[in-house]
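Feature annotation from TrEMBL assigns domain 'ABC transmembrane type-2' to 19-246. The transmembrane segment annotation in TrEMBL covers 21-42, 57-80, 101-125, 137-160, 167-186, 222-243.
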Amino acid sequence: MTVARLTIVESKLFARDAMSLVMGVAFPALLLLALGLAIPGFRDPADELGGLRPIDVYAPIVLAMAIATTGVSTLPAYLATYRERGVLRRLATTPVGPVRLLGAQLAVNGAATLVAAVLAVAVATAGFGVDLPRQPLGFLLAFLLGTGAMFAVGLLIAAVAPRARTASGIGMLVYFPMLFFAGMWTPGPVMPDAVRRVSDFTPLGAASQAMQEAWTGGFPSVLHLGVLAAYLLGLGALAARLFRWS
């Protein structure tokens with residue numbers, strides 16, 4: 001079975017998982033919609049945000065959340081489930097091989113992240129008049145590196161978690177601190193300096209700030225792009241070294 005065929009099969013399984021569809025694909029756009037409609041002043045310019053509206057600042061933060069949801073929640077849980085049920089071990093004895101399944105999972109979760117991002121951007125632009133990223137190439141680079149870095153985190157979780165429940169638990173322990181440093185509760189422009197300096201060196205914080213920089217017209221900083229590349233390469237290599245098929 002080819003990677004393309006496996007990807008189709010895994011896509012169908014993903015589509016049948018209501019929780020993955022809601023949380024991984026629909027929730028970022030729904031959250032942005034709720035924030036824009038329910039919170040007074042969310043669509044009004046704020047001096048502490050440099051004249052931007054809160055909805056403008058939260059658009060890239062919500063995209064970072066979409067990346068984190070698939071990267072450290074959905075992806076490691078699926079892979080750990082397959083290992084726990086012996087699927088990876090059985091595939092290792094067939095011409096298909098477990099590496100192809102891993103590739104299919106990365107493709108499916110990558111596509112889910114992209115769809116979630118497109119939906120969130122559509123809500124932001126069509127619903128609340130948020131401008132599209134003014135530096136599209138820089139934004140795309142930040143988004144791709146951010147996705148790769150968080151997927152590397154997810155693969156490392158899958159590599160060390162013996163069971164699906166453990167993978168889900170570790171994923172949640174990582175997920176919420178990552179969201180904090182991405183600015184979900186305190187956006188980057190109003191973060192205390194010490195917190196923001198720490199955020200610069202976390203994968204989701206760097207991704208959120210890099211996308212914010214590109215959204216407002218600048219090219220993402222070398223620091224943020226370098227941090228993302230380091231996580232992608234470093235944790236990706238470590239996950240490959242530690243990953244067990246059984």
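Start at 1 and count along the chain as shown; that gives each residue its number.
Any Cβ shown, glycine's included, is placed from N, Cα and C.
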Checklist entry - When you scan the chain for residues with a C-beta under 8 Å from the transmembrane segment (222-243), skipping those not six or more beyond its ends, what do you find? => result 141-142, 145-146, 148-149, 152-153, 155-156, 158-160, 200-203, 206-207, 209-210, 213
Checklist entry - What stretch, picked from 21-42, 101-125, 167-186, has the most CB pairs under 8 A with the transmembrane segment (137-160)? => result 167-186
Checklist entry - So what's near the transmembrane segment (101-125) in sequence-distant terms, Cβ-Cβ under 8 Å and 6+ beyond its ends? => result 3, 6-7, 9-11, 14, 20, 24-29, 32-33, 36, 55, 59, 62-63, 66-67, 69-71, 74-75, 78-79, 82, 87-88, 91, 131-132, 143, 147, 151
